[in-house]
Amino acid sequence: MLLTHTSSRWRTAAVCALAATASWLPSVQAAEKTQADYFVSSLPGAPEGPLLKMHAGHIEVDAEHNSNLFFWHYENRHIADRQRTVLWLNGGPGCSSMDGAMMEIGPYRVKHGGHLEYNNGSWDEFANMLFIDQPVGTGFSYVNTDSYLTDLDQMAEHMMIFLEKWFKLFPEYENDDLYIAGESYAGQHIPYIARAILNRNKNQNTDPKPWNLKGLLIGNGWISPADQYLAYLPFAYQNGMIQADSDSAKRVEQQQSICIQKLQDGGHDKVDTSECEQIMVAILEETKDRKADRMNQCLNMYDIRLRDDSSCGMNWPPDLTDVTPYLRRPDVIKALHINSDKKTGWSECNGAVSGHFRAKNSVPTVKFLPELLTEVPILLFSGDKDFICNHVGTEAMIENMSWNGGKGWEVSPGVWAPKQDWTFEGEPAGTYQEVRNLTYVVFYNSSHMVPFDYPKRTRDMLDRFMNVDISAIGGDPADSRIDGEKGPLTSVGDHPNSTKAEEDKAQQLKEAEWKAYYRSGEVVLVILIIVACLWGAFLWRTRRSTSLYKGVDGDEGRESLLTGMGLDNFRRGARRHDVEAADFDERELDDLDDAPKKPANGYSNVNSEKERQPHNDSTFSLGADSDDEAEGSERGRRKEHS
């Protein structure tokens, strides 16, 4: 009895345990997010028509410190020969990639009043776009306030965790050709991430499949700090900001001498050297016009054609006055699935992130850029009116760097890669240079954020770099020429109704039309055979009936039989059935073929927006900076390399 009672107890306990487990499992499963949890079903202010396919939200990269990275993904509008994904990062460190999404290369631009317009030049034409706010704490990303990152290897590790989880959520993109692009301080982020991906690909003992990293694009990049620091004064001379041998020049040269000494004392191996950063600060001080009104006293460090208040460009670009309130709207926050753990509103740049991210244990990416060039093509591009990460510094870095068996622009001993003129739609656009897996593009009359000024030109650059050829798709390619020669036919958007999908639809319609004709003929033939058989049977029965009843009812018997068998009704029914069997008649096919076709991507007015023109000075007279978290010198640093 005791054993039986004990056994019964254990059975009861086991049943209870199983029941508890069963009730617990669904809650665990519910915690696992799926694609559907990230799907953006509506976006406030979006243009009329079908919404672009997009996903957005947070992915946890470190549970211990509540570290979550925010992403916003747009599916490509068209596919050329294969699938491609471009991962975009802005700089800072600590500046949101929503700058890229909403002011540069994303499909929408925010207008006054919070409505969105299509960006004629967005990069989602032939590539899926993945914008990520990183490091943690940047933009919509968040982390415990005592857990901000400090070094570039930490950032790369977080990005690898993010990508592993993201590709698990969206496996259909894992085999895409992958490109990583960005600007400014992303010149540090991108090579570190690329190196981590390449190392992962080589370690196939633990990782399931390699990621197809195909190229890197870096605009006005902070790659070689030493070359950039020593380029500030030459750039100022070239652009007439400071006159050589003037008192101003002598004061700046004195600060440059201090910088050179610091570089010789180990600064070449550092990402930031504060004594060298003071060179740019000194030039901005020397070029201030203290007699001008308050909003025009200082040069804009991001676009020297413009002037600003004493923040010297921190209020730029002007679209911030519309982007910031839009991204802080409750309905937008809800649409983008922003977690409730994100306690503060969106800000362009986070001073706390920048203040912690000093990269003291990191080497500048120029140190291993040559190694990357042996495995991955790299494109560097520069707006020629940017001061903070100017083209003079980038060109000095290239000339001083050795990779793939040569130094700088040397193709062979004594032979250098030519600088080729680039024209776009009949206007001088810049120059191209290519050598040993490196491409360098200079954009004329452009700022620190080149896509902000010339989205269509930058997408032409992207499509060339990705070797996109739209000859199999249709559409009207851009008139883009390097040294007078047209390259591959690449799209710049003005063909939403001329894609391969539309052509396939037209071909399918023609095939359906012929099938309908053929099917109609078959149906008619079958019906005629049936009618003939019935008619034969009818005649046989009629003759038989007539012979039996003739002389009794005269001809009335035949008439009554015709009516009684309902042959007239059968003919009418057969005619209706014929039309239904073929689904539609020729007139309906003609109407279908002549009906106007709507683009599958929902772009109704994508081509109406003209390319942005250079802004005048008054355009940039804005209010306070978007970041409320930093002041003084820290405020200057946090967006120093945005």
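Even glycines carry a Cβ here, placed using N, Cα and C.
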Item to check | Swiss-Prot annotation, N-linked glycosylation site - which of ASN497, ASN616 | outcome: ASN497
Checklist entry - If one measures from the C-alpha of HIS448 (active site) to the C-alpha of SER184 (active site), what distance in angstrom results, rounded to a whole number? => result 8
Checklist entry - When you tally the Cβ atoms that lie within 10 Å of each candidate's Cβ, which of the recorded positions (SER184, ASN437) has the highest tally? => result SER184
Checklist entry - Near the Cβ of ASN445 (N-linked glycosylation site), how many other Cβ atoms are there if near means within 10 Å? => result 17
Checklist entry - Which of the glycosylation sites ASN120, ASN400, ASN437 has its Cα nearest to the Cα of ASN445 (N-linked glycosylation site)? => result ASN120
Next on the checklist: Tell me which of the recorded positions ASN120, SER184, ASN400, ASN437 ends up closest to ASP386 (active site) in space, Cα to Cα.
Outcome noted: SER184
Checklist entry - Do you know offhand how many angstrom separate ASN400 (N-linked glycosylation site) and ASN437 (N-linked glycosylation site) by C-alpha? => result 16
Next on the checklist: Return the count of C-beta atoms lying within 10 angstroms of the C-beta of HIS448 (active site), excluding that atom itself.
Outcome noted: 28
Checklist outcome for this item: Whole-number mean pLDDT, the topological domain 'Cytoplasmic' (541-642), equals 39
